[in-house]
(Lines of atoms letter the chains of each structure in order from A; the text may use other names.)
(Lines give C-alpha, C1' and ligand atoms only; values in the text may rest on other atoms or scores of the structure.)
Protein backbone atom coordinates (compact mmCIF):
# COMPACT_ATOMS: atom_id res chain seq x y z
CA UNK A 1 0.00 0.00 0.00
CA UNK A 2 1.56 3.32 -1.08
CA UNK A 3 1.05 6.55 0.85
CA UNK A 4 0.97 10.09 -0.49
CA UNK A 5 3.86 11.44 1.61
CA UNK A 6 6.72 9.55 0.12
CA UNK A 7 5.53 6.25 -1.19
CA UNK A 8 6.92 4.27 1.75
CA UNK A 9 5.35 0.99 2.42
CA UNK A 10 3.81 1.48 5.85
CA UNK A 11 1.52 -1.53 5.62
CA UNK A 12 2.41 -4.72 3.87
CA UNK A 13 1.89 -8.43 4.16
CA UNK A 14 4.77 -10.38 5.62
CA UNK A 15 5.50 -14.06 5.94
CA UNK A 16 5.68 -15.19 9.55
CA UNK A 17 7.92 -18.19 10.17
CA UNK A 18 6.32 -21.07 12.04
CA UNK A 19 7.76 -23.94 13.89
CA UNK A 20 7.78 -27.10 11.90
CA UNK A 21 5.94 -29.02 14.61
CA UNK A 22 3.04 -26.59 14.81
CA UNK A 23 2.93 -26.21 11.05
CA UNK A 24 2.50 -29.90 10.58
CA UNK A 25 -0.41 -29.94 13.08
CA UNK A 26 -2.08 -26.95 11.42
CA UNK A 27 -1.78 -24.74 14.49
CA UNK A 28 -0.70 -21.14 14.16
CA UNK A 29 -1.12 -19.94 17.79
CA UNK A 30 -0.72 -21.47 21.23
CA UNK A 31 -2.95 -20.26 24.19
CA UNK A 32 -1.80 -20.66 27.77
CA UNK A 33 -4.58 -18.82 29.74
CA UNK A 34 -8.21 -19.74 29.21
CA UNK A 35 -11.33 -17.85 30.54
CA UNK A 36 -13.93 -19.59 32.69
CA UNK A 37 -16.76 -20.97 30.66
CA UNK A 38 -20.43 -21.32 31.69
CA UNK A 39 -19.98 -25.05 32.06
CA UNK A 40 -17.17 -24.48 34.55
CA UNK A 41 -19.34 -22.10 36.64
CA UNK A 42 -22.18 -24.62 36.72
CA UNK A 43 -19.79 -27.28 37.89
CA UNK A 44 -18.48 -25.04 40.65
CA UNK A 45 -21.99 -24.13 41.88
CA UNK A 46 -22.99 -27.77 41.91
CA UNK A 47 -19.86 -28.62 43.86
CA UNK A 48 -20.67 -25.92 46.41
CA UNK A 49 -24.23 -27.20 46.75
CA UNK A 50 -22.89 -30.69 47.34
CA UNK A 51 -20.55 -29.42 50.03
CA UNK A 52 -23.40 -27.57 51.78
CA UNK A 53 -25.57 -30.67 51.67
CA UNK A 54 -22.74 -32.73 53.12
CA UNK A 55 -22.32 -30.21 55.95
CA UNK A 56 -26.03 -30.35 56.76
CA UNK A 57 -26.01 -34.12 56.74
CA UNK A 58 -22.92 -34.23 58.89
CA UNK A 59 -24.71 -32.37 61.75
CA UNK A 60 -26.16 -34.72 64.34
CA UNK A 61 -29.85 -34.73 65.24
CA UNK A 62 -29.00 -33.96 68.87
CA UNK A 63 -26.96 -30.84 68.14
CA UNK A 64 -28.00 -27.20 67.69
CA UNK A 65 -26.28 -27.09 64.32
CA UNK A 66 -28.87 -29.52 62.97
CA UNK A 67 -31.78 -27.19 63.90
CA UNK A 68 -29.94 -24.03 62.93
CA UNK A 69 -30.60 -24.71 59.24
CA UNK A 70 -34.36 -24.45 59.85
CA UNK A 71 -33.99 -20.89 61.18
CA UNK A 72 -31.62 -19.61 58.51
CA UNK A 73 -33.91 -17.11 56.81
CA UNK A 74 -33.88 -13.37 56.16
CA UNK A 75 -36.45 -10.90 57.44
CA UNK A 76 -37.35 -9.78 53.91
CA UNK A 77 -38.03 -13.36 52.91
CA UNK A 78 -40.28 -13.89 55.95
CA UNK A 79 -42.28 -10.78 55.05
CA UNK A 80 -42.76 -11.96 51.48
CA UNK A 81 -43.96 -15.36 52.69
CA UNK A 82 -46.43 -13.77 55.10
CA UNK A 83 -47.92 -11.63 52.33
CA UNK A 84 -48.00 -14.61 49.97
CA UNK A 85 -49.94 -16.67 52.53
CA UNK A 86 -52.76 -14.08 52.55
CA UNK A 87 -53.07 -13.43 48.81
CA UNK A 88 -54.11 -16.43 46.69
CA UNK A 89 -52.72 -16.32 43.15
CA UNK A 90 -54.15 -18.92 40.74
CA UNK A 91 -51.51 -20.54 38.59
CA UNK A 92 -48.71 -20.01 41.13
CA UNK A 93 -47.96 -22.68 43.71
CA UNK A 94 -47.10 -20.97 47.00
CA UNK A 95 -45.05 -23.90 48.29
CA UNK A 96 -43.02 -24.44 45.14
CA UNK A 97 -42.32 -20.75 44.43
CA UNK A 98 -41.62 -19.39 47.94
CA UNK A 99 -41.22 -22.22 50.46
CA UNK A 100 -39.35 -24.99 48.68
CA UNK A 101 -36.11 -23.04 47.99
CA UNK A 102 -35.54 -22.64 51.74
CA UNK A 103 -38.23 -24.00 54.12
CA UNK A 104 -37.92 -22.53 57.61
CA UNK A 105 -39.46 -22.78 61.06
CA UNK A 106 -38.52 -19.31 62.25
CA UNK A 107 -41.49 -17.50 60.72
CA UNK A 108 -44.12 -20.14 61.56
CA UNK A 109 -42.93 -20.42 65.18
CA UNK A 110 -43.18 -16.70 65.91
CA UNK A 111 -46.46 -16.39 64.04
CA UNK A 112 -48.01 -19.11 66.21
CA UNK A 113 -46.54 -17.63 69.41
CA UNK A 114 -47.84 -14.17 68.55
CA UNK A 115 -51.27 -15.57 67.74
CA UNK A 116 -51.43 -17.31 71.13
CA UNK A 117 -50.93 -14.07 73.06
CA UNK A 118 -53.09 -11.86 70.84
CA UNK A 119 -55.96 -14.34 71.05
CA UNK A 120 -55.73 -14.74 74.85
CA UNK A 121 -55.33 -11.01 75.56
CA UNK A 122 -58.04 -9.93 73.12
CA UNK A 123 -60.36 -12.62 74.51
CA UNK A 124 -59.98 -11.27 78.04
CA UNK A 125 -60.53 -7.74 76.78
CA UNK A 126 -63.73 -8.84 75.05
CA UNK A 127 -64.97 -10.35 78.32
CA UNK A 128 -64.05 -7.17 80.20
CA UNK A 129 -65.83 -4.89 77.72
CA UNK A 130 -68.99 -7.00 77.89
CA UNK A 131 -69.11 -6.64 81.72
CA UNK A 132 -68.17 -2.95 81.85
CA UNK A 133 -70.55 -0.92 84.03
CA UNK A 134 -71.97 -3.96 85.80
CA UNK A 135 -71.56 -4.94 89.41
CA UNK A 136 -69.22 -7.87 88.74
CA UNK A 137 -65.81 -8.77 90.01
CA UNK A 138 -63.85 -9.27 86.75
CA UNK A 139 -60.63 -11.29 86.79
CA UNK A 140 -58.09 -12.09 84.08
CA UNK A 141 -58.45 -15.68 82.85
CA UNK A 142 -54.95 -17.13 82.45
CA UNK A 143 -56.39 -20.46 81.31
CA UNK A 144 -57.09 -18.87 77.93
CA UNK A 145 -53.35 -18.63 77.26
CA UNK A 146 -52.93 -22.35 77.89
CA UNK A 147 -55.92 -23.30 75.77
CA UNK A 148 -54.87 -21.01 72.92
CA UNK A 149 -51.33 -22.43 72.90
CA UNK A 150 -52.65 -26.01 72.87
CA UNK A 151 -55.11 -25.33 70.04
CA UNK A 152 -52.75 -23.32 67.81
CA UNK A 153 -49.60 -25.42 68.15
CA UNK A 154 -51.64 -28.61 67.95
CA UNK A 155 -53.24 -27.44 64.72
CA UNK A 156 -49.85 -26.37 63.33
CA UNK A 157 -48.34 -29.85 63.84
CA UNK A 158 -51.20 -32.36 63.74
CA UNK A 159 -52.92 -31.24 60.51
CA UNK A 160 -49.67 -31.24 58.46
CA UNK A 161 -48.81 -34.63 59.96
CA UNK A 162 -52.18 -36.06 58.86
CA UNK A 163 -51.90 -34.46 55.43
CA UNK A 164 -48.35 -35.74 54.98
CA UNK A 165 -49.54 -39.23 55.87
CA UNK A 166 -52.36 -39.04 53.30
CA UNK A 167 -49.98 -37.92 50.55
CA UNK A 168 -47.55 -40.70 51.42
CA UNK A 169 -50.38 -43.26 51.46
CA UNK A 170 -51.67 -42.18 48.04
CA UNK A 171 -48.16 -42.05 46.54
CA UNK A 172 -48.18 -38.38 45.55
CA UNK A 173 -45.73 -37.42 42.82
CA UNK A 174 -45.18 -33.92 44.19
CA UNK A 175 -43.02 -35.26 47.02
CA UNK A 176 -43.91 -32.54 49.53
CA UNK A 177 -41.84 -33.01 52.67
CA UNK A 178 -43.22 -32.69 56.18
CA UNK A 179 -41.01 -29.65 56.78
CA UNK A 180 -42.45 -27.89 53.73
CA UNK A 181 -46.04 -28.65 54.79
CA UNK A 182 -45.67 -27.36 58.37
CA UNK A 183 -43.93 -24.28 56.97
CA UNK A 184 -46.93 -23.57 54.72
CA UNK A 185 -49.41 -24.13 57.57
CA UNK A 186 -47.44 -21.94 59.94
CA UNK A 187 -47.50 -19.01 57.55
CA UNK A 188 -51.19 -19.59 56.80
CA UNK A 189 -52.02 -18.60 60.41
CA UNK A 190 -50.51 -15.13 59.98
CA UNK A 191 -53.81 -13.66 58.77
CA UNK A 192 -55.47 -14.48 62.10
CA UNK A 193 -53.08 -12.27 64.11
CA UNK A 194 -54.66 -8.92 63.09
CA UNK A 195 -58.11 -10.51 62.92
CA UNK A 196 -57.84 -11.75 66.53
CA UNK A 197 -57.39 -8.15 67.70
CA UNK A 198 -60.51 -7.04 65.78
CA UNK A 199 -62.50 -9.92 67.29
CA UNK A 200 -62.42 -8.05 70.62
CA UNK A 201 -65.10 -5.73 69.20
CA UNK A 202 -68.37 -7.14 70.51
CA UNK A 203 -70.32 -6.94 67.26
CA UNK A 204 -71.53 -10.38 66.23
CA UNK A 205 -71.85 -9.78 62.47
CA UNK A 206 -68.39 -8.20 62.35
CA UNK A 207 -66.80 -11.14 64.15
CA UNK A 208 -68.29 -13.73 61.82
CA UNK A 209 -67.46 -11.63 58.75
CA UNK A 210 -63.82 -11.64 59.84
CA UNK A 211 -64.00 -15.42 60.25
CA UNK A 212 -65.19 -15.81 56.66
CA UNK A 213 -62.63 -13.36 55.26
CA UNK A 214 -59.68 -14.95 57.07
CA UNK A 215 -60.71 -18.52 56.26
CA UNK A 216 -61.37 -17.79 52.58
CA UNK A 217 -58.12 -15.88 51.94
CA UNK A 218 -55.64 -18.15 53.71
CA UNK A 219 -57.70 -21.27 53.01
CA UNK A 220 -57.61 -20.54 49.28
CA UNK A 221 -53.82 -20.40 49.40
CA UNK A 222 -53.79 -23.85 51.03
CA UNK A 223 -56.18 -25.26 48.45
CA UNK A 224 -54.18 -23.88 45.51
CA UNK A 225 -51.00 -25.26 47.07
CA UNK A 226 -52.13 -28.84 47.63
CA UNK A 227 -54.56 -29.27 44.73
CA UNK A 228 -51.85 -30.25 42.18
CA UNK A 229 -50.66 -33.01 44.52
CA UNK A 230 -54.07 -34.68 44.83
CA UNK A 231 -55.57 -33.83 41.43
CA UNK A 232 -53.87 -36.88 39.93
CA UNK A 233 -55.77 -39.13 42.35
CA UNK A 234 -59.44 -40.09 42.11
CA UNK A 235 -62.01 -37.32 42.41
CA UNK A 236 -63.36 -38.77 45.65
CA UNK A 237 -59.98 -38.63 47.35
CA UNK A 238 -59.03 -35.28 45.81
CA UNK A 239 -62.20 -33.44 46.84
CA UNK A 240 -62.18 -35.19 50.21
CA UNK A 241 -58.70 -33.90 51.00
CA UNK A 242 -59.62 -30.38 49.83
CA UNK A 243 -62.74 -30.44 51.98
CA UNK A 244 -60.72 -31.59 54.98
CA UNK A 245 -58.16 -28.79 54.55
CA UNK A 246 -60.75 -26.02 54.22
CA UNK A 247 -63.08 -27.25 56.98
CA UNK A 248 -60.28 -27.61 59.53
CA UNK A 249 -58.92 -24.16 58.69
CA UNK A 250 -62.39 -22.61 59.05
CA UNK A 251 -63.15 -24.57 62.23
CA UNK A 252 -60.06 -23.11 63.89
CA UNK A 253 -61.28 -19.54 63.28
CA UNK A 254 -64.84 -20.36 64.36
CA UNK A 255 -63.52 -22.02 67.51
CA UNK A 256 -61.59 -18.86 68.37
CA UNK A 257 -64.73 -16.75 68.18
CA UNK A 258 -66.95 -19.15 70.13
CA UNK A 259 -64.50 -19.84 72.96
CA UNK A 260 -62.52 -16.62 73.37
CA UNK A 261 -64.76 -13.83 72.10
CA UNK A 262 -68.37 -14.95 72.38
CA UNK A 263 -69.97 -13.59 75.57
CA UNK A 264 -73.50 -14.91 76.35
CA UNK A 265 -76.25 -12.49 77.26
CA UNK A 266 -76.75 -13.95 80.75
CA UNK A 267 -73.23 -13.92 82.09
CA UNK A 268 -72.32 -16.29 84.90
CA UNK A 269 -69.63 -14.03 86.33
CA UNK A 270 -69.35 -13.90 90.12
CA UNK A 271 -71.10 -10.82 91.54
CA UNK A 272 -69.45 -8.64 94.17
CA UNK A 273 -71.15 -9.55 97.46
CA UNK A 274 -70.29 -7.41 100.49
CA UNK A 275 -69.33 -9.09 103.71
CA UNK A 276 -72.39 -9.93 105.80
CA UNK A 277 -72.34 -10.87 109.46
CA UNK A 278 -74.66 -13.84 109.45
CA UNK A 279 -74.49 -14.35 113.22
CA UNK A 280 -78.10 -14.36 114.39
CA UNK A 281 -79.21 -13.54 117.92
CA UNK A 282 -82.10 -15.75 118.87
CA UNK A 283 -84.81 -14.71 121.28
CA UNK A 284 -83.99 -17.64 123.57
CA UNK A 285 -80.37 -16.50 123.88
CA UNK A 286 -81.46 -12.92 124.60
CA UNK A 287 -83.92 -14.11 127.27
CA UNK A 288 -81.26 -16.27 128.92
CA UNK A 289 -78.80 -13.38 128.98
CA UNK A 290 -81.45 -11.06 130.34
CA UNK A 291 -82.61 -13.46 133.08
CA UNK A 292 -79.06 -14.25 134.24
CA UNK A 293 -78.35 -10.53 134.60
CA UNK A 294 -81.57 -9.50 136.40
CA UNK A 295 -79.74 -9.34 139.71
CA UNK A 296 -77.56 -6.53 138.39
CA UNK A 297 -80.40 -4.06 138.76
CA UNK A 298 -83.09 -2.65 136.52
CA UNK A 299 -80.77 -0.06 134.98
CA UNK A 300 -78.22 -2.60 133.74
CA UNK A 301 -80.99 -4.92 132.53
CA UNK A 302 -82.57 -2.11 130.56
CA UNK A 303 -79.22 -1.24 128.96
CA UNK A 304 -78.65 -4.90 128.06
CA UNK A 305 -82.05 -5.17 126.49
CA UNK A 306 -81.48 -2.00 124.46
CA UNK A 307 -78.05 -3.22 123.26
CA UNK A 308 -79.48 -6.58 122.20
CA UNK A 309 -82.29 -4.83 120.37
CA UNK A 310 -79.83 -2.59 118.52
CA UNK A 311 -77.74 -5.61 117.50
CA UNK A 312 -80.84 -7.33 116.21
CA UNK A 313 -81.82 -4.26 114.21
CA UNK A 314 -78.28 -4.06 112.72
CA UNK A 315 -78.36 -7.69 111.61
CA UNK A 316 -81.78 -7.25 110.06
CA UNK A 317 -80.79 -4.05 108.21
CA UNK A 318 -77.71 -5.55 106.48
CA UNK A 319 -77.82 -5.90 102.64
CA UNK A 320 -77.46 -9.11 100.73
CA UNK A 321 -80.56 -10.99 101.98
CA UNK A 322 -81.39 -13.94 99.79
CA UNK A 323 -85.06 -13.10 99.32
CA UNK A 324 -87.88 -10.85 100.43
CA UNK A 325 -89.47 -13.77 102.27
CA UNK A 326 -86.50 -14.08 104.59
CA UNK A 327 -86.56 -10.33 105.23
CA UNK A 328 -90.23 -10.44 106.24
CA UNK A 329 -89.62 -13.44 108.50
CA UNK A 330 -86.74 -11.73 110.24
CA UNK A 331 -88.75 -8.51 110.58
CA UNK A 332 -91.58 -10.43 112.21
CA UNK A 333 -89.15 -12.13 114.59
CA UNK A 334 -87.60 -8.76 115.39
CA UNK A 335 -90.97 -7.38 116.52
CA UNK A 336 -91.71 -10.41 118.69
CA UNK A 337 -88.27 -10.29 120.28
CA UNK A 338 -88.63 -6.54 120.99
CA UNK A 339 -92.02 -7.09 122.70
CA UNK A 340 -90.59 -9.96 124.77
CA UNK A 341 -87.68 -7.80 125.86
CA UNK A 342 -89.98 -4.93 126.90
CA UNK A 343 -92.23 -7.30 128.85
CA UNK A 344 -89.26 -8.90 130.57
CA UNK A 345 -87.85 -5.48 131.49
CA UNK A 346 -91.18 -4.38 133.00
CA UNK A 347 -91.45 -7.59 135.01
CA UNK A 348 -87.93 -7.08 136.29
CA UNK A 349 -88.74 -3.54 137.39
CA UNK A 350 -91.91 -4.64 139.22
CA UNK A 351 -90.09 -7.50 140.96
CA UNK A 352 -87.26 -5.28 142.16
CA UNK A 353 -89.77 -2.61 143.29
CA UNK A 354 -91.65 -5.19 145.37
CA UNK A 355 -88.42 -6.53 146.83
CA UNK A 356 -87.28 -3.02 147.76
CA UNK A 357 -90.64 -2.26 149.44
CA UNK A 358 -90.52 -5.49 151.43
CA UNK A 359 -86.95 -4.84 152.48
CA UNK A 360 -87.80 -1.24 153.47
CA UNK A 361 -90.78 -2.33 155.58
CA UNK A 362 -88.68 -4.92 157.38
CA UNK A 363 -86.02 -2.32 158.11
CA UNK A 364 -88.63 0.10 159.42
CA UNK A 365 -90.10 -2.54 161.74
CA UNK A 366 -86.70 -3.49 163.09
CA UNK A 367 -85.88 0.16 163.70
CA UNK A 368 -89.19 0.69 165.48
CA UNK A 369 -88.59 -2.32 167.69
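Even glycines carry a Cβ here, placed using N, Cα and C.
The stretch that TrEMBL tags with transmembrane segment, taken from the ranges 67-89, 205-227, 274-296, 297-319, is 205-227.
Range with TrEMBL annotation transmembrane segment, chosen from 39-60, 105-126, 325-346, is 105-126. Among the residue ranges 9-31, 239-261, the one that TrEMBL annotates as transmembrane segment is 239-261. Stretch with the most C-beta contacts under 8 angstroms to the transmembrane segment (105-126), considering only 146-169, 176-199, 239-261: 176-199. Listed by sequence, the residues of this chain that lie at least six past the ends of the transmembrane segment (239-261) yet keep a Cβ under 8 A from its Cβ atoms are 119-120, 122-123, 126, 144, 147-148, 151, 155, 159, 163, 166, 188, 192, 195-196, 199-200, 202, 207-208, 211, 214-215, 218-219, 222-223, 226-227, 230. Tertiary proximity for the transmembrane segment (176-199) is limited to same-chain residues at least six positions away from its ends with a CB under 8 Å from its CB atoms, namely 70, 81-82, 84-86, 94-95, 99-100, 103-105, 107-109, 111-112, 114-115, 118-119, 122-123, 126, 152, 155-157, 159-161, 163-164, 167, 206-207, 210-211, 213-214, 217-219, 221-222, 225-226, 229, 249, 252-253, 256-257, 260-261.
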